[in-house]
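Swiss-Prot annotations:
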- H604, H608, C708, H712: Zn(2+) binding site (BINDING)
Amino acid sequence: MKASEEEYRLNFFIKNDFKRKICKSCKTPFWTRDEKKEYCSDIPCTDYYFFDINIKSQPLTVKEAREKFLSFFEKRGHTRISPKPVLARWREDLYLTIASIVDFQPHVTSGLVPPPANPLVVSQPSIRLEDIDNVGITFGRHLTTFEMAAHHAFNYPDHYVYWKEETTAYATEFFTKELGIPEEELNFKESWWEGGGNAGPCLEVTVGGLELATLVFMQYKITDNGNYTPLKLKIVDTGYGVERIAWITQKTPSAFHAIYGNLVYKFFNKIGVAYIDETLLKVASRFAGKIDPDNPDTIKIHRQMVSKELGIDIKAVEEELDRAAKVFQILDHTKTIMLMLADGLVPSNSGEGYLGRLVIRRALKVLRLLKSDVRLYELVKEQIDFWKEDFPQVLKNKDYILDAVELEQQRFEKILEKVPSIASTLARKSEITTEDLIQVYDSNGIPPDLLEEELKKKSVKFELPRNFYALVAKRHQTSTIKSAYDKVKLPKDMLEYITALQPTEKLYYKDQYMRSFEGKVLGVYKNYLILDKTTFYPEGGGQLGDTGLIIDEKSSKRYEVIDTQKVNDVIVHILKEEPSTIKVGDNVRGEINWERRYRLMRHHTVTHVILAAAKKVLGEHVWQAGAEKTPEKGRLDITHHKTLTEEEVKLIENYANSVISDRRQVKPLEMNRMEAEMKYGVSIYEGGVPNSATIRLLEIKDWDIESCGGTHVSNTSEIGAVKIINVERIQDGVIRLEYVAGPALVDYIRETQAKIVEASKIIGTSPDQLTSRLRRILNEIEEKNNLIIQYRRIIETELLNNLKPYEINSNKIYIIEGLGDEEENKEILRKLTSTDNTIAISISDNRLQIATSKNMRVDKIVEELLKGGGKGGGKGTFANVILNSKKSKEEIIEIVRKSL
């Protein structure tokens, strides 16, 4: 959609002598006070000429630019609010905070809840990876991490705050009066914005080639068929670039110098790259507006312009600018890494962790291309020291940040050992596509740039997309939200049936200890029953649905409830059989299986206790990745970058039992969503993000508070005690804890005791002597194993000395029959094929192990063997084959002869 001219023809512009002009280059309309201006002052229509503009403001650091902006709007009636983390954990569909408006999506922008203040001002650290491949090349125009300073106003039908006129006036006053930019240099470029299903006209504020701000007027909803319908809630959504404000006031040759100051020189030194010539940098930066990173020709033209301007050889210009761009990339990426990890990201192969790992590996790749020996964590440490006052969380979580980065580097170095074999596999393809490279990166974590050199050795060429990392990030930056209907275990016809039913009154929230109740039947469908009220808890938040009985008061017939589910606010009781005696309008009595429910309550509450204990022991980066509460045990999946030590598990367990012994009150609370977020932070969403204006919190006194819709005990003492019975790494970056509490702990102790008694009987000792007896048995086994190894070595030596090869065309073929296990065979085969032109085959019935010397390939032999039927394969010089039928030595030798 293109807005009409009237959308932008503001009284403010007319009264203040702004003229509407059409840019001579891009043909876009813009507003300016300079009647002679022909261009919109945005790149690539002009060069960066802000260096030549006389700006009255003193040079501002990022910190000073941020404060100047926030104070300006505070003085003009805006409430300053704290920024949110760079991980958008209040959103189920988005992993990273990409703009300040994300702070208020979806619940404020949809009108579900009011904003924390109106109007408000915030400076929100944001991360966008769509431009990650362009960082450094454009001298700071593109960054992965930046601060979006913003003032927002939310205009309701019955409450107008301000709109276009005031927003444009604020921008003009800030840039001309507060920063001292000459009025004739300020331009407002007409544009259109769309995002997150909303749209509206916007104005881009440009000065001297730099876009300093975007003023969005969110006033339309984009419908499913692509039409635009007016919104009742009209939102002023502005975004001012804090780093660009610092850059335009400092007039440094790159934005990186304005953002990082002396850290720029420190990074060049630590990385081991000579600092770029200052004159070359200034000229290159001035012409950088001409660069369109998506068009490699513009990069080439830019460098030719620099070469011509300075009279320097083009190759020297390219080499120096390439090196500097790589250092700028590392500056940018290490700050992004620091912020991600400080806010709790754990690098992994999925979700937000995937995006964190992508940035880390790209930084490591760049260091490798620069042939630098510096450890990445050393550079991140410099960033922490530099930003610790601006972002206190980076200092608080310093140990975790550095530990996680070093561990990622060690993993990356191990992965790079695979490069030769991956390159060999790719080299066999007739064409290497972008999809192939993404597949290799996703499966093995190998950047294509590092495959390039290995593939060149094999005379294989491929085209590396300039935006490779952006392509990969785009595939992983969002998550699909499941609807309430997708999450529930009910058939489609049942879901359709309940759409007309009223919400169920949740008695389990009024009294979590209520065991029975009376209710009225609102719906009966097959074996599904819906009542006006219930104390049966429906499955949710990892807690299983209640079971029990529904009793027909007319006939006294009892129906077993085998599960309870919920769709939106309607609770469905699933019965073992169809309730033939129950009709809509009948009164029934419900009784829950209290013993089962009470076990679930204990396991649910102790899950909260253990999660907080894990954070205390392991660090604030720990986040709930999943949970399940059953009557038999509880299960909690947490994000963490390492396997837990025995000592860490013991500490978590000790803290949890201490909280139980302290008899702490457990209390549910209901709060306004925004109020809860501002008071407790987004960690309240550990167990999921509820979609309501008021949210239910569970507070364990002086220990933990988070959003939770489950049922809980009212005091930690009711849990009794807890024992962690299993800890395992279930996927990269996720650790699973399993535990038992209360009666389930007693059951576990009994079962364990029974196993000890049984084991003692098997080995003929008493339970108290079990450990010492097992040690003796293990020592005896070890002695026998050592003896077996000695015998095997004797047999192996004898075999190698006496085995005679078959000769085929100057090739030696060894055949071994019925020898030892597979690993032992493999070792003998390796020794036999240590010299060129040698093949060794071990035969055990119809199973074959085949090895060749390094100058031969095993695949041709395998191919010939499998012609007679069978399965198997291998790569390089080793293979395993299972034939459909057993073959004699002579038959195998004949097959080998054919393959040669």
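Placed from the backbone N, Cα and C atoms, the Cβ positions cover glycine too.
The structure, with features from Swiss-Prot marked on it.
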{"residue": "H604", "record": "Zn(2+) binding site", "CB count, 10 Å": "25"}
{"residue": "H608", "record": "Zn(2+) binding site", "CB count, 10 Å": "28"}
{"residue": "C708", "record": "Zn(2+) binding site", "CB count, 10 Å": "27"}
{"residue": "H712", "record": "Zn(2+) binding site", "CB count, 10 Å": "24"}
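Within 8 Å of the Cβ centroid of the Zn(2+) site, not counting the listed residues H604, H608, C708, H712, the chain contributes G541, M601, T605, T607, V666, L698, G710, T711.
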